[in-house]
Amino acid sequence: MNRAAIAAGKPSGSISTGKPRRKTRAEVSEEMKHEIREAFDLFDADRSGRIDFHELKVAMRALGFDVKKEEIQRIMNEYDRDQLGEITFQDFEEVMIEKISNRDPTEEILKAFRLFDDDATGRISLKNLRRVAKELSENISDEELLAMIQEFDRDGDGEIDEEDFIAILRSTSAFS
């Protein structure tokens, strides 16, 4: 256990997020572990097996976590046991698995919604879907896009609102 963990009365490696701690999932998918490794390796420029404050911030951002300087500093203080200003891959993996396990699924869904709703109307329209399809280099006809909207448009207004979008994604195993 490190000093910060002992002082806080918690096991080494747990991160204070200000939220009640959820039960950590015993497993993170192998694909996710691979992504964690890739993010670490990408920013471990000197291949030392360690990353510093700035590399940690960018690696976490690459994994979808836009964290403030204060949180990065807390992580560094907790995991930089030898006071070199760096953390190891094992520490990074532990931090990321905990953060991934503690993600708020609704917040993740709303982030995805905002990627579609680029005009900030609170609704996903045919225009929004057309733009996303184009960005993804998908050649999808307006008829197919409209069929997608109609399939999930619960109030029948021709657009998908946040409530519709949340219901769609909650029905998948990724967010259940």
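Going from the start of the chain as shown, residues are counted 1 onward.
Glycine too: its Cβ is placed from the backbone N, Cα and C atoms.
Feature annotations, courtesy of Swiss-Prot:
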BINDING   Asp44, Asp46, Ser48, Arg50, Glu55  Ca(2+) 1 binding site
BINDING   Asp153, Asp155, Asp157, Glu159, Asp164  Ca(2+) 2 binding site
DOMAIN    31-66  domain 'EF-hand 1'
DOMAIN    67-102  domain 'EF-hand 2'
DOMAIN    104-139  domain 'EF-hand 3'
DOMAIN    140-175  domain 'EF-hand 4'
REGION    1-27  region 'Disordered'
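Shown here: features listed in Swiss-Prot, placed on the structure.
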residue : record                : DSSP class
Asp44   : Ca(2+) 1 binding site : coil
Arg50   : Ca(2+) 1 binding site : strand
Glu55   : Ca(2+) 1 binding site : helix
Asp153  : Ca(2+) 2 binding site : coil
Glu159  : Ca(2+) 2 binding site : coil
Asp164  : Ca(2+) 2 binding site : helix
- Note on the structure: Residues lining the Ca(2+) 2 site besides Asp153, Asp155, Asp157, Glu159, Asp164 (CB within 8 A of their CB center) are Arg123, Ile149, Phe152, Arg154, Gly156, Gly158, Ile160, Asp161
- Excluding Asp44, Asp46, Ser48, Arg50, Glu55, which residues of the same chain place their Cβ within 8 Å of the centroid of the Cβ atoms of the recorded Ca(2+) 1 site? Phe43, Ala45, Arg47, Gly49, Ile51, Asp52, Glu86
- Message: Could you give me three numbers for the domain 'EF-hand 2' (67-102), the DSSP helix, strand and coil residue counts?
- Response: 24 helix, 3 strand, 9 coil
- Given Ser48 (Ca(2+) 1 binding site) and Asp157 (Ca(2+) 2 binding site), what distance in Å do their CA atoms have, once rounded to a whole number? 55
- Here the Cα-Cα span from Glu159 (Ca(2+) 2 binding site) to Glu55 (Ca(2+) 1 binding site), rounded to a whole number of angstrom, reaches 40
- Message: Quick check on the domain 'EF-hand 3' (104-139): DSSP residue counts for helix, strand, coil, in that order please.
- Response: 22 helix, 2 strand, 12 coil
